[in-house]
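Engineer: I'd like to ask some things about the structure below.
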Amino acid sequence: MRANFIFSEVWIGLRRNLTMTIAVIVTVAIGMALLGIGLMINSQISGMKDYWADKVEVSVFLCKKNDPFPQCKGTGGVNEQEQAALRATIEAMPQVQQVEFEDAASAYENFKVQNANNTVLLSAIQVEDMPESFRVKLKDPNAYAAVIEELKGAPGVSNVINQKEILEKFFGLLEKLRWFALMIAGFLVIAATLLIGNTVRLSAYNRRRETGIMRLVGASNLYIQLPFVMEGVIAGLIGGVVAAVLLIVTKVFLFDGVQIYLANNSQLSWETVASVISLTMVVGVLICVLASFVTLRRYLRV
Amino acid sequence: MIHFDNVTKVYANQNRPALDHVSVDVDKGEFVFLVGPSGSGKSTFLRLVLKEERPNSGAIHVAGKDLARLSNFKVPHLRRRIGCVFQDFRLLPNKNVYENVAFALEVIGKPRRFIRKVVPEVVELVGLEGKAHRMPDELSGGEQQRVAMARAFVNRPMILLADEPTGNIDPATSIGIMKVLDRINRTGTTVVMATHDAAIVDSMRKRVVELEDGKIVRDQSRGVYGQAY
């Protein structure tokens, strides 16, 4: 096998089909980038789910003075007995693992941390505006329905919020995004396959004289087909490199950016990005090789 | 060297066979003319030898190999032992004489050292010394056919198939082409040449196999073109 011979053939082929080659590279790059983004969202979702799994709580907010919630109207806020009774009720529930009381001052501290860069909001809200609450941690975060049902109407309770529901809305959005990215990636993979098929066909037509002579003098099938397949592989590899750059940019500017707002430490690791990139590269090159071989079988009888 | 035993070939969508129960033997080192009108089956014969086509019935042996039992994977190795020359030369227009001949060795993976040694020898054998760096369009038809013969012969095949090699060449130049073929034959290479050219067949006085409608109507050693009947 003469490597330099093969490579000079490949180079000639790529140059002759420059526009098609560029089309293949762009399609492969975008398709693989979307596939990679889908996979990255995937690992982001599972990372965040793990992070939140032991942190989700049911918040039971208590009535304060002049509370606008209808069930608090006219009560003048929760009183000591109600608060003690609530605590007892919650602690008696079999689903409950742990209960903590958060008074207005610590609620305000948390609020200040969460909205540190929103000075307007901070200056508008005072300690008295913050509701007191019970933070209820459940043994099984999925068994929240009965707990909420029971606490919602209890005296002195203004509102019950299940963090899990809020999170699930957010995860649902992420999952939709992931499916969307993967779907478009799928379409682009089809487009890339067809484009590569066309490129190889053009290439085979351009070089029919050479391949005819190669057949005649007894060049092996591998020797005849390899330059065409290599064209596909090289286009696929370049597309993969562009996709890798796109994925790194996406991680730095999109995923890490989103992390700042979510204020948690389940950041997408570089190892994940690296494995996603290598996976998309392999997929890209495989698609190119397969598409080339299938087309060659049709257009380059050996 | 080439052995056809009762070979019949019918192309798809045609009811008349291109070759009809043909049996013929070509020995090592022979020079055989294959004559007959267009459509008589000469090209089919050559294509069958190369295993570019498969017979519908009958057995073909080439260089000791049963082609029916030769796997597709080994067909390239068969073709390395057979050189081919055509009416339309089939040279690569963007390569010069040397590169055209060397191409045949490059694509079967011969080392460059070997190529550098044998290509000039063969270019000289076909009478193109000093023209190794000409491009095909700078050569006459006869010279181009010599390049094609050099390419066919450079790997020292056991068999050389020539499909109307003088079909595009004027009679005076054809004599030179035939001299080269004769020279190749004298190295021990079996030569099978399909042709319409009566003058050439008559002048060479070699074995003549005549085909008509896919059947062998004459097989004559030291024959001439058209006086069999």
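Just so it is clear, glycine is given a Cβ too, placed from its N, Cα and C backbone atoms.
Quick paste of what TrEMBL says about this protein:
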TRANSMEM  A:21-41  transmembrane segment
DOMAIN    A:56-160  domain 'FtsX extracellular'
TRANSMEM  A:179-200  transmembrane segment
DOMAIN    A:183-301  domain 'ABC3 transporter permease C-terminal'
TRANSMEM  A:221-254  transmembrane segment
TRANSMEM  A:274-296  transmembrane segment
Engineer: How does the domain 'ABC3 transporter permease C-terminal' (A:183-301) divide up by DSSP, counting helix, then strand, then coil residues?
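Structural biologist: Tallying H, G and I as helix, E and B as strand, the rest coil: 105 helix, 0 strand, 14 coil.
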Engineer: Counting only residues 6 or more past its boundaries, what in the same chain has a CB within less than 8 Å of a CB in the transmembrane segment (A:21-41)?
Structural biologist: 14, 174, 177-179, 181-182, 184-185, 188-189, 191-192, 195-196, 199, 231-232, 235-236, 238-240, 242-243, 246-247, 250-251, 255, 268, 272-273, 276-277, 279-281, 283-284, 287-288
Engineer: Summarise the model confidence on the domain 'ABC3 transporter permease C-terminal' (A:183-301) as a single mean pLDDT, whole number.
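Structural biologist: Its mean pLDDT is 85.
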